[in-house]
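K.L.:
These came from TrEMBL, pasted as-is:
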- Cys131, Cys133, Cys136, Cys141: Zn(2+) 1 binding site (BINDING)
- Cys131, Cys142, Cys169, Cys173: Zn(2+) 2 binding site (BINDING)
- Cys136, Cys169, Cys175, Cys179: Zn(2+) 3 binding site (BINDING)
- Cys273, Cys338, Cys340, Cys345: Zn(2+) 4 binding site (BINDING)
- 1-45: domain 'Chromo' (DOMAIN)
- 129-187: domain 'Pre-SET' (DOMAIN)
- 190-313: domain 'SET' (DOMAIN)
- 334-350: domain 'Post-SET' (DOMAIN)
Amino acid sequence: MEYYLVKWKGWPDSTNTWEPLQNLKCPLLLQQFSNDKHNYLSQVKKRKAITLKENHRALKPAVAEYIVKKAKQRIALQRWQDELNRRKTHKGMIFVENTVDLEGPPSDFYYINEYKPAPGISLVNEATFGCSCTDCFFEKCCPAEAGVLLAYNKNQQIKIPPGTPIYECNSRCQCGPDCPNRIVQKGTQYSLCIFRTSNGCGWGVKTLVKIKRMSFVMEYVGEVITSEEAERRGQLYDNKGITYLFDLDYESDEFTVDAARYGNVSHFVNHSCDPNLQVFNVFIDNLDTRLPRIALFSTRTINAGEELTFDYQMKGSGDVSSDSIDHSPAKKRARTVCKCGAVTCRGYLN
């Protein structure tokens, strides 16, 4: 008869018991147990390139250790997923998935929904004027006041070229929440999954639903710091091989967004030289041109299950920076090999 070592929920390991299969009323856990065992043995076979004979009397210690670690990882990732969904303020759900390795939740990452100003930096999130339109799609609205075109069409898709700023209606406008010029401020509407990539790129983000072309997907948020502080942190990040600095260079180069410790789902979006997301500068309640919000829009139709990517060298102006140290949103000083796999891959992230 087969016996399984059971860890009882809410009880310490000292109370674990061996139970026959007939006592276990947990088909999902048993399926996960079987899958984890199979996956581990498959990995060992690939590494050793030989056929292994499984001991049916007892699991080998290495197999048992892997299954326990995988179970603990699954619990930790579920708790992290629950925490992310408690903290988010947007409609789209966040899921977490790792079928690649034993990596758990990041230990020093805090989910935020909007910019977090560093000490000494003030973000004025209150507009000084707003529109009085009854239909912002046809009347002279906030974009016209700023000297630009309305960014969206009737299908809520962006219609302006990259490099053109987006001016949305703000808290002083008399239009309601269904105004066609309120898109980015509503947050991510799609359910997304933070997943472990199998190509060595760490965590990535994929969409769980189909996204139409030219649609708003997410904002890039983080800690707003000065460019001088960004230069200092960039030296530290280079040593760790991480890239989360995004220059706010719409009109000047005074500030940078650092999403290393504070950020949202965009923290986990990987680079591609042929991305499916495009960067746009957005102004809503804060009209300071030194501090635009960064929005990512789809460049084409993105199918469910497809990974989301943007070009780390893409500037808010829509151009690709040639000087990544001073102008790239992904500030780097050491050459980093690109793993995007695109036909047009430049070979390096910087």
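Including glycine, each Cβ sits where the backbone N, Cα and C put it.
Curation plays no part in TrEMBL annotations; they are all automatic predictions.
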K.L.:
To test your reading of the Zn(2+) 2 site: which residues beyond Cys131, Cys142, Cys169, Cys173, same chain only, put their Cβ within 8 Å of the Cβ centroid of those residues?
P.N.:
Gly130, Cys133, Cys136, Cys141, Glu168, Asn170, Arg172, Gln174, Cys175, Cys179, Asn181
K.L.:
Should any of the binding-site residues Cys169, Cys173, Cys273, Cys338, Cys340, Cys345 have a Cα within 10 Å of the Cα of Cys141 (Zn(2+) 1 binding site), which are they?
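P.N.:
Candidates kept after distance check: Cys169, Cys173.
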K.L.:
Among the binding-site residues Cys131, Cys169, Cys345, which residue has its Cβ surrounded by the fewest other Cβ atoms within 10 Å?
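P.N.:
With the binding-site residues Cys131, Cys169, Cys345, fewest surrounding Cβ atoms within 10 Å: Cys345.
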K.L.:
Which binding-site residues (Cys142, Cys169, Cys273, Cys338, Cys340, Cys345) fall within 10 Å of Cys175 (Zn(2+) 3 binding site) by Cα distance?
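P.N.:
For Cys175 (Zn(2+) 3 binding site), the binding-site residues whose Cα atoms are within 10 Å come to Cys169.
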K.L.:
Using DSSP, what's the helix, strand and coil tally for the domain 'SET' (190-313)?
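P.N.:
Final tally across the stretch: 18 helix, 49 strand, 57 coil.
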K.L.:
Binding-site residues Cys136, Cys273, Cys338: which have a Cα within 10 Å of Cys179 (Zn(2+) 3 binding site)?
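P.N.:
Matched binding-site residues: Cys136, sequence order.
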K.L.:
Determine how many residues of the domain 'Pre-SET' (129-187) DSSP places in helix, in strand and in coil.
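P.N.:
Helix (H, G, I), strand (E, B), coil: 7 helix, 4 strand, 48 coil.
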K.L.:
Going by DSSP assignments with H, G and I as helix and E and B as strand, what are the residue counts for the domain 'Chromo' (1-45)?
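P.N.:
Tallying H, G and I as helix, E and B as strand, the rest coil: 25 helix, 8 strand, 12 coil.
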K.L.:
What subset of the binding-site residues Cys142, Cys169, Cys173, Cys273, Cys338, Cys345 lies within 10 angstroms of Cys131 (Zn(2+) 1 binding site) at the C-alpha level?
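P.N.:
Checking Cα-Cα distances against Cys131 (Zn(2+) 1 binding site), the binding-site residues within 10 Å turn out to be Cys142, Cys169, Cys173.
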K.L.:
Give me the mean pLDDT over the domain 'Post-SET' (334-350), rounded to a whole number.
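P.N.:
In the predicted model, the domain 'Post-SET' (334-350) has a mean pLDDT of 77.
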K.L.:
Using all protein chains in view, find how many other C-beta atoms are within 10 Å of the C-beta of Cys136 (Zn(2+) 1 binding site).
P.N.:
24
K.L.:
Return the count of C-beta atoms lying within 10 angstroms of the C-beta of Cys141 (Zn(2+) 1 binding site), excluding that atom itself.
P.N.:
24
K.L.:
Please tell me which one of the binding-site residues listed here (Cys169, Cys273, Cys340) sits closest to Cys133 (Zn(2+) 1 binding site), measuring Cα to Cα?
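P.N.:
Result for Cys133 (Zn(2+) 1 binding site): the nearest of the binding-site residues is Cys169.
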K.L.:
Please give me the CB contact count at 10 A for Cys340 (Zn(2+) 4 binding site), counting all chains in the structure.
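P.N.:
Total other Cβ atoms inside 10 Å, all chains included: 22.
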